[in-house]
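Colleague: Quick one: this structure, given as structure tokens, is what I'll be asking you about.
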Amino acid sequence: MATELHRQVNPPEQRVNPPERDARPGEEGGSDDAAVRVRSLTRSFDGRAVIDDLHLDVRTGEFVALLGRSGCGKSTLLRVLAGLDREIEGEVLAPRRKAVAFQAPRLMPWKKVWRNVLLGLPGRPGRAVAERALKEVGLGHRVDAWPKTLSGGEAQRASLARALVREPDLLLLDEPFGALDALTRITAQQLVAELWQRRGCAVLLVTHDVEEALLLADRVLVMDGGVIAHQVRVDRDRPRDIADPLLAELRTELLGRLGVRAPEPAVNEVV
Amino acid sequence: MSPVLEPVVPLSARRRTVPRWLRRTTGPLLLLVLWQVCSATGVLPSDILASPGTIARTASDLLEDGTLPHAMLVSVQRVLIGLVLGGVIGVSLALVSGLSRLGEDLVDASVQMLRSIPWVGMIPLFIIWMGIGEAPKIALIALGVTFHLYLNVYAGIRGVDAQLIEAGTALGLGRWGLIRHVVLPGALPGAMTGLRYSLATAWLALVFGETINADDGIGFLLNRAREFFQTDVIVVCLIVYAALGLLADAIVRTLERLLLQWRPNFTGK
Ligand SMILES: Nc1ncnc2c1ncn2[C@@H]1O[C@H](COP(=O)(O)OP(=O)(O)OP(=O)(O)O)[C@@H](O)[C@H]1O
Ligand SMILES: [Mg+2]
């Protein structure tokens, strides 16, 4: 399914002819079913470039996971794609219909959970819509609660439900499963996968969990030094099994890129 | 060495046995008893301060002959009109300067400047402008209310979490949607604080306005009693002022409880 109407996020100058060069990681070439197209994006805070000449393409319907060390600029990139941060240089194209689940739940404290889920939806959707979405994330019993009474994981699931009801063309998820226990996490992952398959939307999932990235994504990106430093393609049918040797191999590769060495035989010695 | 263990006492175990309202009324009641004793023993002569008993009798007399109810009606009406007037002006100005930079530049500096004028000092000007009827009293109340509401609502709007504004934007809310669903509810705690301050100011302005010139209302009763050295009537009037002020505060507290129940704030032990 093609995304409707691409909207440019504040382009200071249009780059009509990108200079000829080898494709970088993250860049896919100019296919016309792109859901995200980022060229030479730079975002600086107080003179420090957190994102530095970054290139990224995401095809319509593609599920992309984004890994990277804490503070490397993943959330910043997400906010730029969401159109929330416009103090940027470079070219950014993203669909109009986007949904974001932020790293912090960001529920409106003055609205009951179900009103939070419906907030900003076009038309006048009834409470039943919110109830269904909340039931899907296992919050059917907390529909009428105030956000202050939710546990950390519950708030995160409410925030996820709020993003999922929006039926977006681009779904931006910033560590949406961070506060969840193993079991709830799997359910939530399946929900995202379901929505992705049904809606055919592009997904950009920020996560710290390499296995989660490998189980869910078509492509896994590693962000470092303000750019997409590395990417691996995961050509495996779903549902995937983490015991799959290919995934294990990719996992080691990605962990290496993240600076984690393969565990050595344990030595009982304090360095 | 093992650490010293201490029990975590469940809250219910040290629940008070005396109900809260009783604990809170004990102090004032004791004061009242002390006062009555002083009056009865002649330590406190009645031309300095009437005894609680006399005051109670005077109060019931004034209530029965309709003087007090009428005066209260007049005074409360003044406060209400001034409150509504000042509220509309104060909140409108706060919205203008809170919601837009342009509005802030135009409005805020002027309001901050005018705010530094003590509003009580405006009384002579108001009398020259509006005579000695209802207008100057209401204007004085409205003035005090305007500043308090302006300051608190403005601060409330500017205190709304930018992350929530961002979330609202990401959820597809437009400018008005943001104002309605994020900015205004977020400014509500500030607005309620402003309302409480402005109520206190409104009563104060009422007292000032009524004691300087009045032919009606509680302030008028107060002035007349002063001419005849009726300390009992004076105290009754003061009590009425206080009671009305307390009532207003109770109304705002109830409003706060209803409107701000979403707040995850510390509520005291
Ligand atoms: N508003 C800001 N002002 C100044 N610096 C900022 C601002 N926002 C982010 N940064 C800095 O930019 C860098 C990237 O932040 P970002 O939130 O994108 O990290 P992240 O990759 O999402 O990290 P994490 O995995 O911990 O969430 C950090 O060093 C952060 O301190
Ligand atoms: Mg982050």
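Yeah, the Cβs are placed from backbone N, Cα and C, and that goes for glycine too.
TrEMBL entries are annotated by machine, without manual review.
This is the feature table in TrEMBL:
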- B:68-252: domain 'ABC transmembrane type-1' (DOMAIN)
- B:79-102: transmembrane segment (TRANSMEM)
- B:114-132: transmembrane segment (TRANSMEM)
- B:138-157: transmembrane segment (TRANSMEM)
- B:233-252: transmembrane segment (TRANSMEM)
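I would like each feature placed in context: is it buried or exposed, what are its neighbours, and how far apart are things?
Modeller: When Cβ-Cβ distances below 8 Å are used as the criterion, the transmembrane segment (B:79-102) is approached by residues 108, 111, 137-154, 156-158, 179, 183, 187, 191, 194-195, 198-199, 202-203, 205-206, 244, 248 of the same chain, each at least six residues removed from its ends.
Listed by sequence, the residues of this chain that lie at least six past the ends of the transmembrane segment (B:114-132) yet keep a Cβ under 8 A from its Cβ atoms are 139-140, 143-144, 147, 151, 205, 208-209, 212-213.
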Colleague: Please report, as numbers and ranges, the same-chain residues at least 6 past the borders of the transmembrane segment (B:233-252) whose CB is under 8 Å from any CB of it.
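Modeller: Apart from its flanks, the transmembrane segment (B:233-252) reaches 49-50, 55, 58-59, 62, 68, 71-72, 75-76, 79, 192, 195-196, 199-200, 203, 206-207, 218-219, 221-222, 224-226.
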